[in-house]
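> Here it is, the structure in full.
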Amino acid sequence: MPAGGADSLKPSAFIPVCTAACLLVGSTSLFFVFTCPWLAVTICPAVPPCCAILFLFVLANFTMATFMDAGVLPMANEDEDKDDEFRAPLYKNVDVKGVQVRMKWCASCHFYRPPRCSHCSVCDHCVEDFDHHCPWVNNCIGRRNYRYFFLFLLSLTAHMICVLTFGLIYVLHHMDELSKLHCTVTLVVISVSGLFLIPVLGLTGFHLYLVSRGRTTNEQVTGKFQGGVNPFTRGCCNNLEYLVCSPVSPKYTARPIKKTVIHVQPPFLRPEIDGKTPVRVRDNGIHSEEKVRMNQMKTPPPLPPKPNHGLLRSQLYSIVTSNSTEAMYSTEYICRPHLPDLRLEPKESPLKGGLPAQAPLQASSTSSSMQLNSLTLNSRSLALKHSSRHGSKSQLPAVHADTLGSNSLLGIISSPSLLASHSSSNSSLSYDTLINPGDPQFLTQRGAPSVSYHPHFMTLGTDGSMMQRPPPHAYSPVFMGVTRQSPQPRDPSPSFLRDNFSKTIMASIHERREMEERERTLRLQARSQGLYGPDLAIYDIPSRRSLPPDNIRLSGSRGPTPPAYGSREFLMSTGILGYGMRTSPLSSSSTSSLTRGPKTSSSPLQNSSSSSLNRLLSEMQLCGGATYQLITVSVFNLHAAPSSFRWWYDVSGAACSSR
Amino acid sequence: VRPRSASLVTKVFIQRDYSEGTVCRFQTKFPPELDSRIERALLDQTVKTLNSYYVEAEKIGGQSYLEGCLACATAYIIFLCMETRYEKVLRKISSYIQEQNEKIYAPRGLLLTDPIERGMRVVSFTHLLPLSLSVQG
């Protein structure tokens, strides 16, 4: 019995069921006592026994509908729900016979409701194949007892028609004795049965229709399959057959627990692959050895001394997720040997449970994978654009545009998707942060907390060899801020160049950054002239313009160094926290980005540096027409999360927005 | 807090496969967390056997029809005396799971729990020891 939650236990809830029972039993008893003797004598002796059997059937079904467990799903244990309520999506899509069905997270019962399952607010539990809560039986009607409810309706209709008919016959034969007791009682009985016959008949007809269409009352009332295909129907005849002939489903709650003793003794067996270092061959042909990767993880690359390194790291984590504990898993994610698994089997990974690092992904693996695929394509186009634009730079090999580049991106993308470790927006986050390094906001912070990224570059060595740690000023794509350097070409670190993939990325990033810095300085100069109106919303900054023309235009200018934004300011200048300050109507792009629970965490940075953020944002607003676009990264639903953000990046035509 | 120790889990879940509708089926996809604990083939076989048991339990055929008629005829009093077919299959499943646990899973440090305990929503594996990432091959 749910503690204080079930309305079905209130005294008032018993009134309809008691009324119904009293009416039914009372009327029928009166019928049998006063009317049936004459019927047995006059019409047929078999009439009362048949009526009695029918009435017994009605009672039996009524009892079963009232007292039988409808198919209550027990609440999930805590261990089953490893996700923080803040991060997992509200809905999970599942494919049922080719039709996408949404499974909603039940906040009371702590699991994703199976298809056709619904939570009864009166009884306060989830019911499998939920039909409705019937007040006349004070019980939910669901998978286990729908059959009895339906048979109750059928038999009650038949019984009422019987009573009405025979009562009428009696009264018609006793028209001159209407004032007598027998007649009066029979009149009362037939009026009661006649009165209630109409709604009961209506309800029976309604349920006959539902059964023929294979729907539940809940689905009919909410219009779920109104226009579309109902994947749960088996055809009219099979539906009826299923209704009547299917085996009775077992009870899930209050089961007798059988205690079994199993003796367990270590050492435990391991599969045969134990001891070997499995070499994964990714679809880009890169061999990566997980064992080495694990070893690499154990020796984190030394970062250059940075005064606020710890702060940067925490900032990074708080940017990536609203929940810092999850960010701690970011390094874990990257080095996990199962990274390629996630990428190669994106559609159906039941990530729930085992990997804590992957736990936050579980609910949206399918959607994130699909998004990942689409983003991969976009990334490829973006890479192509980069390569064409920066073709003069020799560091960009022609291979950039081919499968290697794209697949390397894919590899990078999958890992950062884990890094962000969130719902569907994760992949977009990783992809976008990776692609947008050319944006001024995303320029590298020297020695930024790129710890989380280092293993990527380690593992994606094209020749399969383990790379050294990335250079000190490696990119942390998530955390990028404008540096204080002047817009001059900067040599990539030699260690970076060892990695082909990172080399290409680095080169493109450098190029973009330089160009953007030039543009920015130009705009800042033009700002005072009021060339750009402040009418751009935060989210529209900058307006969409393609890159190439502007880049060319500004290639010659070498303005002064951009303002010396501190790392923290740039963290926010990237717009992550700034966007989060406002809820955007654009934020909830897909249902999968809706989260299950209210997010209460807020980034500390946001509060502390709002002034600098506002300043920068206002500058951006004034700058207006930009030569770059922001990448859309929806980490998670913005409706409650202050630290989520949106960047827009549209590479003139290659719409890679993850709206 | 070291992420590694904080990320240790003790349960792995195999979710229901709803692609065939609401019939009871579990996904045969191998959870990556168990990659180093058990061979795929063994787990596959367990899940497939469980699925076949459930198919047998939910089969609409002669026996279920007879059961229904009998129940109707006796005004469902028969349910007080007799066990339904589904319950019989569930007992078989229980004993199968126990046998699997004793023979296959316990030696590997895993425990399979009966899905009926969780409302047939998941098949759960309990790691008997914390999963140590560092020993993953």
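Each Cβ is built from the backbone N, Cα and C atoms, and glycine gets one as well.
So TrEMBL has the following annotated:
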- A:356-371: compositional bias 'Low complexity' (COMPBIAS)
- A:102-222: domain 'Palmitoyltransferase DHHC' (DOMAIN)
- A:344-371: region 'Disordered' (REGION)
- A:542-566: region 'Disordered' (REGION)
- A:587-610: region 'Disordered' (REGION)
- A:12-32: transmembrane segment (TRANSMEM)
- A:38-59: transmembrane segment (TRANSMEM)
- A:148-172: transmembrane segment (TRANSMEM)
- A:184-210: transmembrane segment (TRANSMEM)
> Count the residues of the domain 'Palmitoyltransferase DHHC' (A:102-222) that DSSP assigns to helix (H, G, I), to strand (E, B) and to coil, and report the three numbers in that order.
70 helix, 19 strand, 32 coil
> Let me check one thing: do the transmembrane segment (A:184-210) and the transmembrane segment (A:38-59) come into contact, meaning three or more Cβ pairs under 8 Å with sequence separation of at least 6?
no
> The domain 'Palmitoyltransferase DHHC' (A:102-222): mean pLDDT?
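Summing pLDDT over the domain 'Palmitoyltransferase DHHC' (A:102-222) and dividing by its length gives 92.
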